[in-house]
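Record features, source Swiss-Prot:
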DISULFID  Cys95-Cys123  disulfide bond
DISULFID  Cys280-Cys291  disulfide bond
CARBOHYD  Asn276  N-linked glycosylation site
MOD_RES   Gln27  pyrrolidone carboxylic acid
SIGNAL    1-26  signal peptide
Amino acid sequence: MPLYKLLGWLNAVACGVLLLVLHVQGQDSASPIRNTHTGQVRGSLVHVKDTDIAVHTFLGIPFAKPPVGPLRFAPPEAPEPWSGVRDGTSHPNMCLQNDNLMGSEDLKMMNLILPPISMSEDCLYLNIYVPAHAHEGSNLPVMVWIHGGALTVGMASMYDGSMLAATEDVVVVAIQYRLGVLGFFSTGDQHAKGNWGYLDQVAALRWVQQNIVHFGGNPDRVTIFGESAGGTSVSSHVVSPMSQGLFHGAIMESGVAVLPDLISSSSEMVHRIVANLSGCAAVNSETLMCCLRGKNEAEMLAINKVFKIIPGVVDGEFLPKHPQELMASKDFHPVPSIIGINNDEYGWILPTIMDPAQKIEEITRKTLPAVLKSTALKMMLPPECGDLLMEEYMGDTEDPETLQAQFREMKGDFMFVIPALQVAHFQRSHAPVYFYEFQHRPSFFKDFRPPYVKADHGDEIFLVFGYQFGNIKLPYTEEEEQLSRRIMKYWANFARHGNPNSEGLPYWPVMDHDEQYLQLDIQPSVGRALKARRLQFWTKTLPQKIQELKGSQERHKEL
């Protein structure tokens, strides 16, 4: 299959992975019924294909009112009660988004079949996966998954928690939240403070606190976990005063609250773009919001599709200050955390999706200065920093392949690695932090990706959810199966005890001043001081050089 044919499917992989299971008919527990604060819900008995493992699934449970009409661009409100027994056997609507990024024919070619899921603003639902033996009083650990997708795409039903729930005896909850403009648009004032998607996540966590006991979960043992923008969400909840007490552990996979593209102190740029695209010639925020609430779904979707990525904002409530300030001031209540990255975050999928016009494979020593100058501007750095980036990452090498590899490393460091290390350093003095670098290149990608790609963005998700046991006919090795089982065990141990270690697993040391971390590969091992030189460059050397540059420019102006 040519690489371009795989783009749609890999877009889905970047935000998550579809792990479908087979529904089976049966007696009694085949139609489990559970209570919630707003009514009863009926689920399904599900067997993971080719195993005797059974789980109960409850799909499409509302945790808030539909965010439509006057509730568009407003905080979520508690769901309305219902009478009778609600059907929880079909997937909920996914939130309004550019569904072209979710893949189509390419999924079928890989024997991956997306369920036919409709799209609607009425999308604030969650899915629950519970071991079939669980009942009220089982007090199982709860793992709440927040999907990624640049805060613009994704859905809960791409992630099937059945294998993780059944093999590790945990309750898995996958939640949805408003995306794109509908989820994160802000006017910067009281008329639309923004972060609606984050507020949806808070509402879902409150629902879990109130109701998960009826599904066999322990509300006092909740771990939130997510990847990419989902990891950013998790990290943002750690520092948000609105989320305190709603969870007790946090797992951040390739995403933290200070990712440069997913947090902004100002909403001005997005505000201006939306105002122009909408045709709402508003003289003030109040009239703009009135106009936007009057748009239909198709009109809002057209605006949404302009944004491949959209940032959360400092809104004064969910995020009283920039996350970096909140961490530096210790103005938060940290919980034990697993934080990690993959060793090739900008290897292939992200440049393919986010910046297809930039042909990394065309970089040479001759073209590099212009490329780095442009890249520095995109990073919100002075263009003169291009020379510093060249010196740090490329040195004097002339070899194009080496230059291209170093460029990809530089982008991955800036976007994911350095922010993750910064957050780990902030948090480790207040609560245990376990850091990892995922290093395994999945074998089933060997025919679809360039050979230089290692562990790309999103690759670990397959293993976290036990991909090889789902209804997926992809080749995998025995070693990969063992690695998947180890990762699920680490994650579930952490959810259960706040510590990933247990007998039979390679030891994972806490990240302290020795800077130890786990190298997650077929043969896991302990590393030390991950990217110490690069961390020094991005957090000390580069800021100092920028200050010197500004000082020089100021003196030049005075002359």
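Backbone N, Cα and C define each Cβ position, glycine as well.
Note: the Cα of Cys123 (disulfide bond) and the Cα of the residue listed as 'N-linked glycosylation site' are spaced 27 Å from each other.
Scoring each of the disulfide-bonded residues (Cys95, Cys280, Cys291) by how many neighbouring Cβ atoms lie within 10 Å, the top position goes to Cys95. Per Cα geometry, Cys291 is the residue among the recorded positions Asn276, Cys280, Cys291 nearest to Cys95 (disulfide bond). Comparing Asn276 (N-linked glycosylation site) with Cys291 (disulfide bond), their Cα atoms are 12 Å apart once rounded. All protein chains shown were included, and the count of other CB atoms within 10 Å of the CB of Cys123 (disulfide bond) stands at 27.
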